[in-house]
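Trainee: There's a structure below that I have some questions on.
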């Protein structure tokens, strides 16, 4: 090695040792007679010192030359520091350099390589390799590394086998758009990149692998909304001969293990809630249960008092924001504006101040007496000092809107703490959702999810009401994993495809191999997949998955550092027997 | 769980317990009054018994229905077996079934699900999910799983960070052909799938990650020679602030760890040999050192004796096959035919029988006296009883041919044992190789490999003679890994690209981001990549990598199970702004 020690390990007891260190010049303080250089590597910082009268003039001159981010190898003696730095693990010592080799020079970086940088997003993307030098960014990827290793350790211990499934697979029109890969050896034909290894992991269950997992790249050619990536990573798992309960317990164990080993946090038992309950209590299938403000339905106390808006609504529903009764009119108007935004689409917001003195004042005093309002407050379990916020309208839409408002308020009130983690199982998802656009049902999870046995008889008569053996793991208002018990017999799978509007021919062409496999002895099986990028960002206490990916793409699917996608040569196109047909 | 025990764990001390087992009906013996079913799962086999007079008539009838590969759940009591089977871990007991649930029926599989199957290669490929049920095939993938986990455990312990690099990258004409992926969001532009994460891992070194690894899928659109796959897996590693010696020691440690933990074998120190030495002694840059038969150059004793074929040859070189002096004329003719095959291309083979009585007899007795031949034998260190085999011609070609002959003979003589493992470091590879076809130099490893500092002055004057800081790990005649110390300064990298025939414009367009990165403080670094599929097959004592991949593709790059590649819809092509242009 070019070094004897890292820059994170020297301590007072090392004084007197001759050491060789390597790294980057983080900061340089040149006082003429003394030069200090903080040398950085992955493990920390160590201060180098060059001093007139002790250091040779040549060496002092060489040190004076050094610029920020130069790569150095320095040999010298560890000495106790005069001015100790208690904020630096190596802050008790410095290295009095006797030999300095410049391993590489560096141009001045386009932005500061510091915890807080002055570089804008675009500049940091173009020089991602420099952004990755910053400690917080590197720490994100160290966290990711640890989570991946501990995931494998846990699953290996639970007798799961990691099996690599292919990346060059078959295009299927179901779900999101596939990325495709033209085949040169089979011109005119294409592979597709997997959106998930779903069918392969089910085949592995048919093969008797019983417990499979993989940390695996998946691909979706979607229009990139904020914080989506065309390639993303899943922890993908499947088990045979299990019930839903077995899957929940196994993967609750995984999450518990990750929090314990990587964050030192005991998350305890993961609570459970049905989809219906989650929608009723929080208006969301991934409720953030770090804070309360649960929904209260007010139809019986708020309707038939002459307020037409409420009277004509399917649902009147409210939340109580603790301690917000004294919010200003301006603040309340801002909340009204929030729910009126097009992406939320409410027409208005009713508020009730439940004052500290027990009096009540609302935006609908014309229609409701103080006694009426008191009934609302009572039903909501509100306390004096709370602010009641009420929305009304179509049930689904109103719940979603109130959920947004609840999350917004939770944020404003500091109730959504980055270092608090509240996972929650959401169970009994609907099997299907109606798609207005195409006028048919879509699988809420995917077409391989099994209906609950007790709902099977409604498969043709009332498909919309069927519940699935499907479950999500939500945490802090984000879905981090989802899965289901699968269909494992051909007949049910065929009924399912039919229900989803596949012709027999389409079903056979796309999933014939799976349906055939089901005829050769498929065991009952089920599984789950976690969004690994999302899990990392959440456990890192951050919002953006991009900060937890070494080389992410931007919102146009571009990597601006390497400049891709890009054109390819005519020769390459000819070999693939393809032509680019620009539609101008 | 649907079971209380696996089929691999019941023993004599479990007798009396009520258990529930799940699995597949492996074999069914129906003697009318007694029915035995061997129930299989991932962990083993357990015998179920149904017996007239003890088992209820309904249950006996149900058991009689069961067919091969049906999926069953059976509850019953563990009893001691009358006829114990010492070859089966659970062979002391059987389960007297009291409850039987058919979890799924199965059609008769198209081939036997046994260790030795009657299914042909194509049939097994089409029903890969059934082939994967066979124990030897599953064991290959269990070995692969263990090797992957232990690789990670070792590298994690050595402070390597696993970092995922992108799969959607940029096409570069260097090296093998890229698979490309059209971008819908950027029509007319393409991503490429990585042939290796080479540039990204070097950027991570510039970023200060210091120790990186990844077990990662790579892609090459090559014409598939036997046992190549369009997608394959690498253990990809890189280290900063290291010398070649550090890399060799670290990864010798990895290989030692894998053999120790997974195979229980101590492989000892890995010997080292330069490329030149390997070529001279074995005619190969990946010599199989499980056996001797090293090369002896015979120019000085075999030339100038009137045998024109030898006299006009650049090299006369031989091996001594131990104990083969008495091979028949027919056997010797077969060896001659072997070296005359077009892919080897020798004109003939000279043989010398060094008989047990010390006499010598050769195919060139016309030109050489027994004394001459004795001098050959002496030089070769041959013993009476050996067969000397001599080839001559152009040095490179002759060495390669003799290497093939040596490996062939080693195989014939049983010297290449599947359960013996002899790794070898091959060092000091040439930097460049001359390509007759294009009339220019190619990088032997890749364009990022650093020349040896002492050879740098020949970079323009005598490029062919430059040695690189490049190394391979060979084992049993197969290259399992290769790497190098990299160039880490822009100027040298630019000289290298120039030497390889890149214009400045091309170099900038393709690798501009890397050369620019080198200007911002790149540390000295180097690394290695192992062919993981190959490593698995070798450690599994087998030849074919396909047997160690869950869902491999055939020689035409097709997955016949899922039937891919395949055509995509007009709609998909339109969205990508592409047209298929069949050249008929």
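Each Cβ is built from the backbone N, Cα and C atoms, and glycine gets one as well.
According to TrEMBL, the protein carries these features:
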- A:141-565: domain 'Aminoacyl-transfer RNA synthetases class-II family profile' (DOMAIN)
- A:174, A:220, A:445, A:486: L-aspartate binding site (BINDING)
- A:198-201: region 'Aspartate' (REGION)
- A:220, A:221, A:222, A:229, A:479, A:531, A:532, A:533, A:534: ATP binding site (BINDING)
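Help me understand the surroundings of these features in the structure.
Mentor: Here residue A:220 (L-aspartate binding site) comes close to A:176, A:177, A:179, A:195, A:228, A:230, A:232: these same-chain residues lie at least six apart in sequence, with C-beta atoms under 8 angstroms from its C-beta. The DSSP secondary structure for residue A:220 (L-aspartate binding site) is coil.
Taking DSSP states H, G and I as helix and E and B as strand, the region 'Aspartate' (A:198-201) has 4 helix, 0 strand, 0 coil.
Cβ environment of residue A:534 (ATP binding site): A:478, A:479, A:480, A:545 lie under 8 Å away, each six or more residues apart in the same chain. In the three-state DSSP reading, residue A:534 (ATP binding site) counts as helix.
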Trainee: So what pLDDT does the domain 'Aminoacyl-transfer RNA synthetases class-II family profile' (A:141-565) average out to?
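Mentor: Mean pLDDT across the domain 'Aminoacyl-transfer RNA synthetases class-II family profile' (A:141-565) comes out at 95.
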Trainee: Measure between the Cα atoms of every pair in A:220, A:221, A:222, A:229, A:479, A:531, A:532, A:533, A:534, the residues the record assigns to ATP, and report the largest value in Å, rounded to a whole number.
Mentor: 20
Trainee: Check the DSSP secondary structure of residue A:486 (L-aspartate binding site), expressed as helix, strand or coil.
Mentor: strand
Trainee: Just jot down the residues in the same chain as residue A:532 (ATP binding site), at least 6 apart in sequence, with C-beta under 8 A of its C-beta; none if empty.
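Mentor: Looking at Cβ-Cβ distances below 8 Å from residue A:532 (ATP binding site), excluding near sequence neighbours, one finds A:144, A:147, A:148, A:215, A:232, A:233, A:234, A:235.
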Trainee: Reduced to three states, what secondary structure does DSSP give residue A:445 (L-aspartate binding site)?
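Mentor: The residue in question, residue A:445 (L-aspartate binding site), is coil (DSSP, three-state).
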Trainee: For the binding-site residues listed here, A:445, A:486, which shows the highest count of neighbouring CB atoms within 10 A?
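Mentor: That would be A:486, with the most Cβ atoms nearby.
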Trainee: Give the number of CB atoms, excluding that of residue A:222 (ATP binding site) itself, located within 10 Å of its CB.
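Mentor: Neighbour count, Cβ to Cβ under the 10 Å cut-off: 15.
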Trainee: Hey, what's the Cβ neighbour count for residue A:479 (ATP binding site) at 10 Å?
Mentor: 16
Trainee: From the Cα of residue A:222 (ATP binding site) across to the Cα of residue A:445 (L-aspartate binding site), what is the distance in angstrom?
Mentor: 17
Trainee: How far is it from residue A:222 (ATP binding site) to residue A:486 (L-aspartate binding site), counting Cα to Cα, in Å?
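Mentor: Just about 26 Å between their Cα atoms.
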